[in-house]
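A.B. asks: Pasting in a structure now, in structure tokens, and then I'll have a few things to ask.
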Ligand code: FAD
């Protein structure tokens, strides 16, 4: 399970300010983040596409404290979409609703999302909603429900560590949702989330089987080999074609496996973040694998 201390550090504004101003951290940042500009992201999206790998582009930023920041994020996504489908046909964008102000004003957030959804449709680009900390989880899910009938290809991330996930998935009756199944990357209390890694993995496998049998075009966002091979095994058992589901992985993690799956005929999508606000994203990656932290700390102190 993600390391709790590092997840707390992900929320520290002081640490954020120290590390983001520190030029020595750049090499480690670049392992997980495409770069600072949309051009960096387009370049990497095109490289991945040449290897048969799609992307989901994430303009980094989350939990805005002021709604005045939201239009900048919308503008950036619009700019990103102008060339995205050209450099990587089949690409999607991934959006965090806390970046669109869901924690401050859910109604305004929904209006901003609608704006993005229309622009994305014009460019033939799919939209995926990340699932964040549970404080943003319920409002995110409500907005997703509200849009699903009109935008049935909108994809929502669901976390296998949450005890409520199966009930949430089973609660859709008319339009069945497209989902991205992930284990979950935030610090959640035991009342809401399984805490034991093996239990979260078992739950992931159980929900994978459920999604393959009940939901359209599920996406499996994981680097866990036991989960990946379980999905491959189940799909074969259930006679589900590789074109009817996809694997998703994060940029910089298990690159060889990403290529290998694509070469074997599976659909693979890489979550590709870019932008200056990389700190909380990167700290969550450290929390998933604390061994990465030594590399990061050494670079931060210039060793
Ligand atoms: P783990 O058991 O954590 O990892 C399996 C193996 O993968 C590890 O042994 C290691 O070899 C490798 N690995 C995993 N993480 C790292 C790392 N950081 N650095 C290096 N190697 C690593 N979480 C959310 O809460 N909401 C989201 O919307 C969300 N979207 C995601 C989208 C995608 C495409 C992916 C792949 C993940 C997303 N996550 C999201 C993160 C997810 O919840 C997990 O925290 C993360 O994927 C690690 O879990 P795992 O399934 O890879 O399994």
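Backbone N, Cα and C atoms are what each Cβ position is placed from, and that goes for glycine too.
Taken from TrEMBL, the feature domain 'Proline dehydrogenase' covers 45-292. Here TrEMBL flags 96, 284, 285 as substrate binding site. Summarising the annotation, TrEMBL assigns FAD binding site to 131, 159, 183, 184, 185, 222, 223.
Tell me about the setting of these features in this model.
C.D. replies: Restricting the average to the domain 'Proline dehydrogenase' (45-292) gives a pLDDT of 96.
Around the Cβ of residue 285 (substrate binding site), the same chain contributes 32, 250, 253, 292, each under 8 angstroms and 6 or more positions distant in sequence.
Around residue 185 (FAD binding site), the C-beta neighbours below 8 angstroms that are at least 6 residues distant in the chain are 2, 159, 284, 287, 288.
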A.B. asks: Can you tell which of 159, 222 has the most other C-beta atoms within 10 Å, given these are the binding-site residues?
C.D. replies: 159
A.B. asks: Take the mean position of the Cβ atoms of 96, 284, 285, the recorded substrate site. Which other residues of that chain put their Cβ within 8 Å of it?
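C.D. replies: So the extra residues in range turn out to be 10, 185, 273, 280, 281, 282, 283.
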A.B. asks: If you check the binding-site residues 96, 183, 184, 185, 222 one by one, which have a CB less than 6 Å away from any atom of ligand 1?
C.D. replies: 183, 184, 185, 222
